[in-house]
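As recorded in Swiss-Prot:
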- D10, D344, H345: Mn(2+) 1 binding site (BINDING)
- D303, H308, H356: Mn(2+) 2 binding site (BINDING)
Amino acid sequence: MKRTVIMMLDSFGVGAAKDAEAFGDTGSNTFGHIAKACAEGKANDGREGPLKLPNLAKLGLALAAKESTGSFAEGFGDDVEVIGAYGHADELSSGKDTPSGHWEMAGVPVLYEWGYFSDLKDSFPKELTDKILERAGLSGFLGNCHASGTAILEELGEEHMTSGLPIFYTSADSVFQIACHEETFGLENLYTLCQIAREELEPYNIGRVIARPFVGTGPSDFARTGNRKDYAVEPPSKTVLDKLKEAGGEVVSVGKIADIYAHCGITKKVKATGLEALFDATLEQVKQAGDRTIVFTNFVDFDSHYGHRRDIAGYARALEYFDSRLPEMLALLGEEDLLLLTADHGCDPTWQGTDHTRERVPVLAYGAGLAPGSLGRRNSFADIGQSIASYFGLEPMEYGESFVA
């Protein structure tokens, strides 16, 4: 029985990519800088001491990161018996965003430029917002700027609740984000507004519209909920997910995977919010999975809760929790199953600003007869998609080189 489990540690980069300078990210290193902060006692909020990831280390994380950067992350070495194949990958895609990373690892790199709203203030063209407001029957909106999702709630959340006007904002990514209160504005109203925005944004080549619902009574207790929804454009060609689905296989999305691929190539969608619930749901879907199935989970909290918020200790806590549960996953795998752990970009919590960082990502592979040892540097995330295609005996992808026989 052949099954693939993909655990996407959203934003868990392992060192600056070869083209990081073009993004202002030279020297970024999500894993390395978290490990350094932990070793120096600077990440002791809710945890203590050096970063402890024994199970990820067994799968080859420390060695993959060393191959990427030239040195071990602090607190890690070669004193672990490695049971998996490990490597690191550079990105071909033009951006350091979520869709680009996910699509590329499924065999479809983004070789064109996304559209962006580059102005930090008055970010959106009036022609665009006028069309959205007219179709939605709204008199105006708040925001119109680059912002951190939590900071803008503190700044504009109360005004939004009293005025009924949605909050429009963006970032360095190709995104149009809309924040609205679930109770005063209404969740379905927010989703309808996002669908309108998605349609009106088509000429602008924007990768995603993101619904950012929140609850609370004021700045002190505003909190985003798990009802986020991404409205992505479709990948420009068929991914390995599409190819497996067309060949009669199953592709199970856990968390926001289906949204990222615009629901293309997905046969089953499982909603879960938070690291614990996402891990629980992944285990349950693996238990249920039959032959020729991909179970694909995005562990978004690493990025949304800790990377963007530059919360080093929180990121470390989350990694240690994830690591503590890996034995549960390994125990479910048959000898033919293939486990893949990777990331879609970096989001170094020690870096300036609040945006993603252009980094290499780990490629950790276990099972399916793979011998423990180095996979080396992969020239594209697409090597993962090509390997999945090879594993399932599918038609080869246009991009990528397989590391699975």
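Just so you know, glycine gets a Cβ as well, placed from its N, Cα and C.
Features as recorded by Swiss-Prot, highlighted on the structure.
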residue: D10; record: Mn(2+) 1 binding site; Cβ contacts under 8 Å, 6 or more apart: T98, N298, F299, V300, D301, F302, D303, S304, G307, A343, D344, C347
residue: H308; record: Mn(2+) 2 binding site; Cβ contacts under 8 Å, 6 or more apart: S148, G149, C347, T354, D355
residue: H345; record: Mn(2+) 1 binding site; Cβ contacts under 8 Å, 6 or more apart: S11, G13, E91, K96, D97, T98, S100, G101, H356, T357, R358, E359, V361
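Neighbour counts were taken as the number of other C-beta atoms within 10 angstroms of each residue's C-beta; across the binding-site residues D303, D344, H356, the minimum falls on D303.
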